[in-house]
Amino acid sequence: MAIFLTKDSKVLIQGMTGAEGTRHTARMLAAGTDIVAGVTPGKGGQAVDFAERRVPVFGSVAEAMAETGADVSVVFVPPRFARGAVEEAVDAEIPLCVVITEGVPVHDTLRFWARAQATGRTRIIGPNCPGLISPGQASAGIIPADITSAGRIGLVSKSGTLTYQLMYELRDIGFSTAVGIGGDPVIGTTHIDALQAFQDDPGTDAIVMIGEIGGDAEERAAAYIEQHVTKPVVAYVAGFTAPEGKTMGHAGAIVSGSAGTAQAKKEALEKVGVRVGKTPSETARLMRDTVQTR
Amino acid sequence: MDLYEYQAKELFARHGISVPPGQVAATPQEARTIATELKAPVVIKAQVKTGGRGKAGGVRLAPGPSAAEDEARRILGMDIKGHTAHTVLVEKATGGFEEYYAAYLVDRAERTLLAMVSSEGGMDIEEVAATKPEALVRIPIDAASGVDLETARLLASRAGLPEDVQDAVAATLVRLWEVLVEEDALMVEVNPLACTSDRRVLALDGKITLDDNAAFRHDLAAFADGSDDGGLEARARAKHLNYVKLEGQVGVIGNGAGLVMSTLDVVAYAGERFDGVRPANFLDIGGGASAQVMADGLEIILSDPDVRAVLVNVFGGITACDAVANGIVTALEVLGEQGARCPIVVRLDGNNAELGREILSDAGHPMVRVVTTMDGAAELVAELAAV
């Protein structure tokens with residue numbers, strides 16, 4: 001089992017004919033993903049040949065969904081076109097839209113988020129995220145498939161490479177789904193959404209949650225865990241040494257005054273019984289202990 | 001990107017929000033000239049991107065040109081919470097006014113925009129929120145519908161502003177919304193928003209944070225500011241590197257923002273056992289980690305005179321570790337002597353990690369040490385930097 005993405009997911013790629021889109025479509029296909037369509041305005045009727053199959057290109061998301069039954073979109077378009085692409089997917093009422101694009105203006109994200117809320121049909125993951133993978137089933141995004149295996153740990157993270165690090169360290173135990181929710185100030189799917197889905201997923205036994213400085217998503221997640229999550233959660237928070245007022249790589253990773261510090265997040269999580277690793281490796285050890293003592 | 005007060009006021013004026021007449025000055029003589037042209041008492045305000053200027057003596061009233069020159073001389077070069085005042089804003093003094101507060105900002109948690117208006121302006125708004133919460137209205141604004149005149153009137157009346165100024169304030173709130181949306185700001189704040197005795201509304205101070213991600217549809221070059229980051233950050237920006245200078249001795253390079261933040265933490269923990277050494281910088285070279293990017297990154301880090309040892313921490317995902325190792329070897333060839341300035345600890349993990357480590361061993365660079373774990377690498381680099 002898995003959350004948000006399974007072997008039955010039919011995936012379309014917005015921006016498949018671009019360099020990044022083509023490269024990652026090939027990787028997703030190699031990971032076993034059922035990629036059924038590409039969407040590039042003006043290129044409808046074309047097709048792109050990959051090792052596994054020939055993927056048809058449609059001019060619009062609605063058309064691609066009607067023709068192929070696609071229920072997941074992965075967005076690889078450049079930042080200036082991201083809002084239009086996501087709004088098109090939202091208007092077509094696709095159930096899941098994964099926005100990989102980095103550098104989307106926050107006002108654009110707010111607009112497509114508001115639109116998705118208004119229709120109530122589309123879950124958005126990202127933007128500025130590595131996507132998600134249910135190992136052995138499907139991958140929607142850029143998470144490398146060959147660093148881990150299928151298993152029963154769920155992972156939700158703001159950071160791509162820290163996700164990969166944990167997936168790699170725990171590759172012998174394996175993952176149900178790993179979700180990279182992205183490092184922007186405003187994102188679609190949150191830690192809480194993923195925690196809820198993992199709690200409800202019979203294929204997930206324990207959850208790794210990776211956070212970082214900025215905002216109060218981790219504090220909110222802690223409050224949620226206390227109320228609603230009975231499965232064991234192990235967490236890691238990055239950015240203890242980050243100075244106030246400096247953006248650390250991710251647009252959302254910034255300590256403002258006394259708000260958004262790693263220390264506050266760690267304390268909030270520990271207060272509700274979540275074990276927080278001091279380093280990624282210690283976090284992996286904590287999860288290993290948790291799974292093996294069950 | 002945070003703007004200076006004078007830059008914020010330029011944007012306000014461009015969108016029809018009244019601000020006092022004035023100009024920015026970099027020398028006492030310029031301040032005198034501006035004061036002479038204004039033909040009135042002026043306020044001299046230190047231009048720094050931090051609060052608490054008034055308390056620090058960075059805002060002074062000057063009755064005429066020669067006093068303006070004296071005050072500017074005193075303020076220019078002043079250090080306010082670690083920010084140096086390189087310029088002052090010289091503007092016509094506004095007399096006899098009431099002080100309100102207005103701001104729009106991104107509410108990250110609610111994924112919406114938030115309007116905040118108060119009749120209690122002029123002071124720290126967090127203090128108002130804590131001591132007199134009823135005086136601060138906070139209303140979420142739908143990104144799609146925005147703030148029209150009707151919404152703005154509602155904000156002004158809910159904030160308890162005097163009835164005879166509500167229309168004028170509402171008009172300003174609509175224009176301030178235009179600033180937020182049209183300039184792609186993450187935050188706009190006017191504190192105080194002044195209302196004079198003749199019922200004119202004007203922005204006496206302004207803060208704006210622009211969204212760097214929206215640079216492609218704005219001309220942000222006008223706001224570029226190389227004066228306050230000591231050069232290395234500007235050089236890194238020119239090479240499109242994601243670099244933040246910190247106060248430490250261990251240079252850090254990694255791929256991915258989260259992994260690099262984590263590396264800084266792990267180095268700082270290790271440093272607790274070695275003379276208190278700390279990370280010298282944040283540098284994320286992204287997923288590709290090509291030889292050129294690696295060389296550019298090492299070049300910036302090794303130019304930092306505080307750096308005594310370097311930690312390269314890469315997780316090989318899409319770009320496997322053998323490619324990363326080849327990139328490091330080539331980068332060190334490109335750098336030549338500079339690359340041999342101090343020890344470089346390399347930790348590679350992920351796809352083809354063993355192959356990558358072999359490539360580095362075979363290259364036999366005298367300063368490179370290969371360690372298999374992140375914790376072990378941090379320990380070694382801290383030890384090397386402590387000497």
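Residue numbers in this text run from 1 along the chain shown.
Quick reminder: no glycine exception, Cβ is built from N, Cα and C everywhere.
Curation does not apply to TrEMBL; its annotations are automatic.
According to TrEMBL, B:G317, B:I318, B:T319 bind substrate; the candidate from B:N242, B:N255 that the record adds to this site is B:N255. Between the candidates B:K39, B:K45, TrEMBL assigns the ATP site shared with B:G52, B:R53, B:G54, B:E91, B:T94, B:E99 to B:K45. All protein chains shown were included, and the count of other CB atoms within 10 Å of the CB of B:K45 (ATP binding site) stands at 27.
The Cα atom of B:I318 (substrate binding site) lies nearest to that of B:G52, taking the binding-site residues B:G52, B:E91, B:T94, B:E99 as the candidates. In terms of C-alpha distance, the listed binding-site residues B:K45, B:G52, B:E91, B:E99, B:N255 place B:E99 closest to B:N191 (Mg(2+) binding site).
Cβ neighbours of B:T94 (ATP binding site) (same chain, under 8 Å, six or more residues apart in sequence): B:P20, B:A194, B:T196, B:L202, B:L204. Here the binding-site residues are B:E99, B:N191, B:D205, B:N255, B:G317, B:I318, and the ones sitting under 8 angstroms from chain A, going by CB atoms, are B:N255, B:G317, B:I318.
Counting only the Cα atoms, the space from B:K45 (ATP binding site) to B:D205 (Mg(2+) binding site) is about 10 angstrom. For B:E99 (ATP binding site), the spatially nearest entry among the binding-site residues B:D205, B:G317, B:T319 is B:D205, judged by CA separation. Classification of B:E91 (ATP binding site) by DSSP places it within a strand.
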